[in-house]
Amino acid sequence: MAPSKRRSGRSAAKSPAAKGSAKSTQSPSPDTQSHGDTENCPACTPVTKELMNGSRKENWIECDNCNTWYHWRCAGNGEDVENIAKWYCEPCMLADPSRQMTLKAPARKSSRKRTQRDYANLNSGLGSDPNRFQRMLETKEIKKDPFRRMKGGELDEWLREDESALREPIIIEQPDGLGMKMPPRDLTVEHVAEYIGEDTPLEVIDVASQSTASGWDLGKWADYVDLEPSKREKVLNVISLEISGTELADMILPPKIVRELDWVENFWPSTRKGKNNAYPKVQLYCLMGVAGAWTDWHIDFAGSSVYYHILKGSKVFYFIKPTPANLAAYEKWSGSELQYETWLGDMVDDVFKVELVEGNTMIIPTGWIHAVHTPVDTLVFGGNFLHSYDVATQLRVREIEIATQVPKKFTFPMFTKLCWYVGDKYLRDLKAPGGVSLSARVLEGVLTLSEFLVSEARILETGSEQAKKEARDSIPTDRVKDGPAMARELRWRAKQAQGYWSETEEGGGGVRRAKQGTKRRRVEEEGGHFRNFKPKAWDVVLATKEEGERQRVQARKPEDEEDLRKEWTEETGGAAGTEAEVRRVVEREVKVRRTRRGVERQRIERTVEEWSWIE
């Protein structure tokens, strides 16, 4: 019977052919020939025979074209044979150069599904070279980062006063003023193993293939890191060791601004956190990478923001801004054939480079796409957090995760349940007799969150039985007794807080926007008239966004407000003048619901134009 696997660890004294098996009864093609006997392979040499002499087991691999079996020691290139998806022997590759080795999809902790990495021509053995990513970067256009360098004591005012806060990464070069606690700088990987336990299983990434290397624990990892770099057989990386509840975790306190923003910290009930409770443990990670490590393009799960402190060593980040166009490119690239054919940076507008050294702390905002290089052995502590300043992007990234079928183990744990806890707390704040003071950005985030919770409520009302069960299980009944009612009331109150009023759930035909201040708006309690209000929900809500092509036109640049009023309120966009570039984005929303008379449909279209003059 033909062997059922292409790779096997078999006795060196007996090849697969020795069992009288053939993968196919079909004759080899004219440009190939069959090789091999019961003990040797066509690539055996006196050196490899000597190395295999007395070996109890030896890996074999079969050519995917001519079905000839080879010793991997003789014909391989150093890659782990278990990571190979397709392999061709040298005669077959010489006969047809399009035949090249490819790798299996790696299993690694990430916010998305991964396949093999091939954009630097991983064929001809390059797939086993962890330095290929750096060589590829030499041919790419990388821009110096424009991000702010700040002091820890400036962050409170920055968040309170700056509308751009938490929209771009920031770097805090010294930890002073951050309200953060970190282990001493002489902490080693050996210490990490001692504090957490040397027998603790560890997910280790093989950088060359970007796949998981099995069989590791912290003790084995500490021994590996202790080796001289020249004696390490592979370049490995650890990016997913969460340490909450350990002795090492007692030495760490995230920055004050992170603790004040973090949904898990502020909205998940304290009585349901701790050793014997299930809750999202994403706040404390220990990252350990050796020189040459690379983590490929990704977005942290659910678009969560990240704080990242270099205790020892250095890191180089490559960033892509999460614009609608860039996120669309990432979604197209992620989980598709493009992932191993194309460098993501070639599909987006700009790639920025940030270099961090020992003592630096960085905050990465929601949704930023990034890849990371480790120049020297490095020890990092950081964590993930969701917050209320960019809920829309967090939900957009979650949609990408669903669309690209990211496995559940790589997504933000208990995401929907956390959203219900957050919504419940904001609703109680908005209903409080004394009112509550929320910034315009947070109010916008609360409204976006309420729309998400209303969509979950609709699943409870109209979804399949399985979908209803999953939605029901995500509601924390210790706090939320009636999920649909809570979600719709939160949406109503969030709209009122923003200056809307309406007699219907969606405000159809009766919505206006009140003038509101630039900073904060105080929401007063309006009594208890909402108690029995059960508005009619929209049955279908479809929102799309379409970015048109950039155009160059002749237009006169406005000089003052009078110019804007006279010329720019017209569709033509001003009189002829100097050359300008126009970028258009069309946002469409269609809402449909059944009524007593039939069907009601709302169609809303909004066109946003950005004009910039070419000097």
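Note: Cβ is positioned from N, Cα and C throughout, glycine not excepted.
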Of the residue ranges 104-125, 588-609, the one that TrEMBL records as region 'Disordered': 104-125
Confidence summary (mean pLDDT) of the domain 'JmjC' (243-402): 94
For the region 'Disordered' (465-485), the number of residues DSSP places in helix, strand and coil: 12 helix, 0 strand, 9 coil
